[in-house]
Every structure is written in C-alpha cells, then in structure tokens.
Amino acid sequence: MIAFFIENSSEILLKTWEHFYISMIALLLGVLCAVPLGIILSKTKWLSKIVLNITSVLQTVPSLALLALMIPFFGVGKVPAVIALCIYSLLPILNNTFIGMRSVNENTKGAGIAMGMTNLQSIILVELPLAIPVIMSGIRLSAVYVISWATLASYIGAGGLGDFIFNGLNLYQTELILGGAIIVTLLALLADFILGKLEKFVTPKGLRLEGGRTS
C-alpha cells in the first residue's frame, strides 16, 4: 500500500487535482443555481412543490445512467461530468435554502420591512444571514456527495481518482482500488472540514453565540 503512494506520487497529485476541480466546479455551479432558486421558491408555494418534486426525481436517477445521458449531448470528458455532478448537487442545497428561508420568523421579517427595507433588502440583509447555517449544511452535504460521485466520472473520460479505482477493478489490483478510495474519502472529509469552518465564519455572530449556549 505504501509502495503504491510512493511509486505513483506524481500521478496521485494529478488525479487528485482533477478530481478536486471537477467536484468544486460542479458544486459552485450547483450553489449558483440552487441558492437563488431556493430563495425564489420560498416566496412561491405553488412553484416550490413542482420544482422540488422535479429535483427529487432527478436525484433518483442512477449516477452512471445520468453520466451516460450526458454523452449524446456533450460527448465525453470533463464537461458532461461537471454538468451531471452539478445536477446531483442541486437537491440538498435547494432543499436547505428553501427550508432555511422559510424558517425565518415572520416577526423578524416584519421588523425589517417596518424599518423601511424593501423586500429585496429584507431578503439580503435579514433573511439570508439567518438562513445561512441551514444553507451551508446543504452545501456541505452536496460537497461530500459530489466528491464521492466524481469517481464515476472516470467512466466517461473525465479523469480523477476514479481512474485508480476502475483500473484496479479491471486489473485485479487491490492497492489501486484501496489507494483511490482512501484518497477520495480523505478529500471528502477535508472538504467537509473546510466548509464547516466557512459555515462558522459566515454565520452571524449572534447565531454562533446562541448555538454555543444551546449546545
């Protein structure tokens, strides 16, 4: 096992970087799509049921099937992998944004409006900061999902740590399978740790203090 890491150190770095940036681009696109959409859905009940049901259905499509569906439209490589992973990242972020925004107390919203804020200002300055902890939980969950699912992107030529795992399966080399799986696991744990620190940083101080008292 140690020999695998020593002999393949340069390739491990390359594949880890490929895996990381494919995952992070997909996650970033997911955040940019899901957070604004979640905010909009929190204000429109009828639309929220339709969109959340659609995203729930997409989440049930097997990962390999979704990757295969991307090939006729986008070919093989990193682009279809990023699009498929972005789709998979949407539901946890969208759900948590919707729940976080809906959980903000109506009296708190009303206080902002009473102070002369517009609806948009109330969303940005009052509701969104209060919903941040819930939203970040969804982003952390999606990050772990995306990094795990990115191993399957190797099947459509996107590279990443999945190359080690599938080469190991094809060649019956256990060290390749274990090596790739260990690095993917460590990468997912690292992403969750970093996003956990980011969650604390972006959470309003008052909510952090309240969380500390209740824990």
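Just so it is clear, glycine is given a Cβ too, placed from its N, Cα and C backbone atoms.
Marked as domain 'ABC transmembrane type-1' by TrEMBL: 16-195. The feature transmembrane segment is assigned by TrEMBL to 20-41, 50-73, 79-99, 142-164, 176-195.
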Against the transmembrane segment (20-41), which of these stretches has the most C-beta pairs under 8 Å: 50-73, 79-99, 142-164, 176-195? 79-99
Using Cβ atoms and a strict cutoff of less than 8 Å, what residues sit near the transmembrane segment (176-195) while being 6 or more residues removed from its termini? 1, 4-5, 8, 12, 15-16, 19-20, 23, 136, 139-140, 143-144, 147-148, 150-151, 161-165, 167-169
